[in-house]
Amino acid sequence: MQATNPIWAEVQQSLQKTLSKPSFETWIRPAKFNCFENGLLTLIAPNTFSSDWLRKNYCETIEKAAKEICGHDVKVVFKSETNTSSDLSNEDKANEKNVHHKTRSFSSNNQNNSSKNQFKNPNGLNLRYVFKRFVVGPNSRLAHAAALAVAESPGREFNPLFICGGVGLGKTHLMQAIGHYRVEIDPEAKVKYVSTETFTNDVISGIRRDGMTAIRDKYRNVDLILIDDIQFLEGKEYTQEEFFHTFNALHESGSQIVIASDRPPNQLSGIQERLISRFSMGMTADIQPPDLETRTAILQKKAEQERMSLPRDLIQFIAGRFTSNIRELEGAFTRAVAFASITGLPMTVQSIAPMLDPNSVGVVVTPKQVINKVSDFFKVSTDELISSSRRKPVSQARQIGMYLMRHGTDLSLPRIGDEFGGKDHTTVMYAIEQVEKKLSIDPNIASQVQKIRDLLQIDSRKNL
């Protein structure tokens with residue numbers, strides 16, 4: 001296989017001008033030249049999935065560009081690196097209109113039109129979650145390619161698209177990027193992003209108010225539905241029943257369904273087998289934790305987006321320290337920048353490292369500091385915090401306060417109980433266990449705890 005070829009290089013340059021950047025970078029750039037003989041251009045795709053998608057959606061576009069450059073008809077065939085024989089024939093090419101080629105006529109001005117689409121912002125699409133902000137690595141390449149394929153040609157081959165992976169790896173980002181890209185291509189598209197919790201609450205509300213007809217219209221009258229955290233359907237029998245019929249209605253109408261979960265369909269528990277079967281009938285793409293190179297690239301891209309300048313050794317330190325997920329990685333970046341900005345300390349590994357300790361407050365603080373900071377953060381009075389109130393906002397703040405006092409001071413459990421109005425040491429132990437349990441499953445709690453830790457760090461260092 002030749003490393004380069006002037007004909008293919010010119011074709012790529014031509015396509016780069018006519019295709020969107022995500023499409024070009026995902027499908028065209030990775031394709032390698034194999035040979036060009038007797039008007040037959042053979043290209044090598046990274047895998048069978050890519051070669052199939054190129055053949056069905058870009059073959060005609062590539063042939064047209066090659067003809068303009070060569071001055072005669074050119075036929076294109078695709079092979080994959082994992083399969084050296086030619087992939088599927090081109091016999092269906094004439095019947096498969098190139099959806100992507102048709103939709104490229106939409107200019108960037110459609111961004112203004114799409115903002116008028118009632119299904120965009122009202123349905124929770126975060127403007128930051130777009131394809132151009134997603135860093136693709138070996139851990140996410142297949143999921144990214146599948147997401148882009150669905151965004152370009154919804155309701156066709158990968159329906160449903162089931163994206164799975166651990167917490168904070170980019171599932172929600174990819175899902176919402178599909179929605180944004182689809183609306184950019186087709187401003188009239190009805191796109192809806194919803195969490196499973198919201199869907200469940202809507203079903204419950206519909207039952208109570210005898211309004212299920214309106215709920216069904218809300219979820220079934222869409223072109224593209226993006227459903228996050230489907231694992232939370234576990235044990236909810238009536239909601240599962242309603243979702244089963246919603247899924248069927250959408251699928252039968254040709255609407256695209258995209259589902260995200262923290263595990264693949266065959267590992268979901270407490271969910272009806274008929275739903276599991278439907279989740280598995282399309283394509284399942286998983287996202288793994290990013291490797292060091294990808295984590296470094298993510299931090300560099302975030303620094304560029306935020307117009308921040310971080311020393312390379314600090315970026316490498318953060319990338320090497322936070323390995324489990326992207327949310328944690330970006331959170332560390334944000335804390336480092338905020339800490340340096342507020343304290344005036346230099347952006348060095350030595351000054352930032354204590355702040356990034358994920359297991360402790362990092363400096364010794366007083367019980368009064370913890371109580372005051374927790375009180376300020378949750379907007380509850382210190383009297384309420386140390387009272388016996390069982391109101392959820394107060395009890396949750398109290399539990400977090402006990403957890404932080406345990407990890408930020410040298411007080412024993414009974415002493416911590418005394419600081420919180422004379423609580424028994426078993427109450428303190430229970431509170432700490434509850435917070436530790438929630439830290440691994442509730443991103444909101446984890447974020448709250450980390451923010452208070454950071455505030456305690458900053459206050460303590462100001463007093464040094």
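From the backbone N, Cα and C atoms, a Cβ is placed for every residue, glycine too.
Taken straight from Swiss-Prot:
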BINDING   Gly168, Gly170, Lys171, Thr172  ATP binding site
COMPBIAS  105-121  compositional bias 'Low complexity'
REGION    1-79  region 'Domain I, interacts with DnaA modulators'
REGION    79-123  region 'Domain II'
REGION    84-121  region 'Disordered'
REGION    124-340  region 'Domain III, AAA+ region'
REGION    341-464  region 'Domain IV, binds dsDNA'
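Lys171 (ATP binding site) falls within a helix when secondary structure is assigned with DSSP.
Taking the centre of the Cβ atoms of Gly168, Gly170, Lys171, Thr172 as the ATP site, the nearby residues of that chain (Cβ within 8 Å, site residues left out) are Gly165, Val167, Leu169, His173, Leu174, Ala260, Ile287, Asn325, Ile326, Arg327.
For the region 'Domain II' (79-123), the model's pLDDT averages out at 41. Secondary structure of the region 'Domain IV, binds dsDNA' (341-464) per DSSP, as helix, strand and coil residue counts: 86 helix, 0 strand, 38 coil.
As a summary of secondary structure, the region 'Domain I, interacts with DnaA modulators' (1-79) carries 43 helix, 17 strand, 19 coil according to DSSP. Residue environment of Lys171 (ATP binding site) contains 26 other Cβ atoms, counted within 10 Å of its Cβ in all protein chains.
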